[in-house]
Amino acid sequence: MQNITQSWFVQGMIKATTDAWLKGWDERNGGNLTLRLDDADIAPYHDNFHAQPRYIPLSQPMPLLANTPFIVTGSGKFFRNVQLDPAANLGVVKVDSDGAGYHILWGLTHEAVPTSELPAHFLSHCERIKATNGKDRVIMHCHATNLIALTYVLENDTAVFTRQLWEGSTECLVVFPDGVGILPWMVPGTDEIGQATAQEMQKHSLVLWPFHGVFGSGPTLDETFGLIDTAEKSAQVLVKVYSMGGMKQTISREELIALGQRFGVTPLASALAL
């Protein structure tokens with residue numbers, strides 16, 4: 001019998017959650033991570049599945065995700081503990097045939113349930129499937145320290161925030177030319193914040209929750225982690241720059257345009273226009 005804990009997707013989740021913890025982005029039970037799988041990914045591990053998978057209804061049907069398996073982090077679980085006990089802190093779930101709920105096939109032992117932000121994740125998965133033709137498979141939420149700090153001092157406007165991050169590090173425009181979406185402050189763990197996040201995910205692979213954290217989307221765990229890491233590095237640079245009295249010089253609009261042309265990306269027009 002093959003052990004599911006040695007699968008690429010469980011090992012990938014262990015690495016991503018451990019790295020995020022070591023970065024300081026996921027204190028206590030902060031943060032959540034979901035990865036969309038295919039049936040072929042989980043097929044070799046049926047012998048590991050629960051004999052009687054628990055069924056949990058979704059707060060709203062998501063037919064686009066019907067019959068789709070995911071691996072998810074659990075509600076109230078600490079990222080730092082995933083590596084110690086994957087089965088207690090992670091779960092493989094599969095949405096039912098009409099998208100009305102899901103079965104917990106593996107993991108989430110002792111009656112644990114998926115992350116409270118599952119509505120935001122699933123709604124965002126729906127939008128990123130449409131926006132990327134199914135390429136994006138990962139949604140990651142974490143409390144990236146410097147990005148959060150900037151939401152207290154920068155105007156919480158997509159164009160303004162995006163332009164500042166692009167100027168904070170040359171690679172940013174190349175990595176997220178579509179910019180950073182920003183919500184107003186909202187109560188987490190609700191359908192409302194999930195719907196607002198998904199709406200921004202139609203246009204942006206990064207979405208900031210002011211005074212709280214960031215959502216990122218990408219095709220792989222590495223790409224999604226790297227996306228957030230790149231934005232957070234720029235935010236760290238900006239925090240240092242602002243604390244030293246602000247910018248004396250920076251990357252110009254013309255230089256940003258040249259950067260986009262060199263790497264074949266189209267920068268967010270509203271940020272470029274500032």
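Indices start at 1 and increase along the chain as displayed.
Cβ atoms are placed via backbone N, Cα and C, with glycine included.
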Please state which member of His103, His204, His212 Swiss-Prot lists alongside His141, His143 for binding Zn(2+).
His212
Give the sequence-ordered set of same-chain residues, not counting His141, His143, His212, with Cβ within 8 Å of the centre of the Cβ atoms defining the Zn(2+) site.
Gly30, Gly31, Cys142, Ala144, Ile148, Pro188, Trp209, Gly213, Val214, Phe215
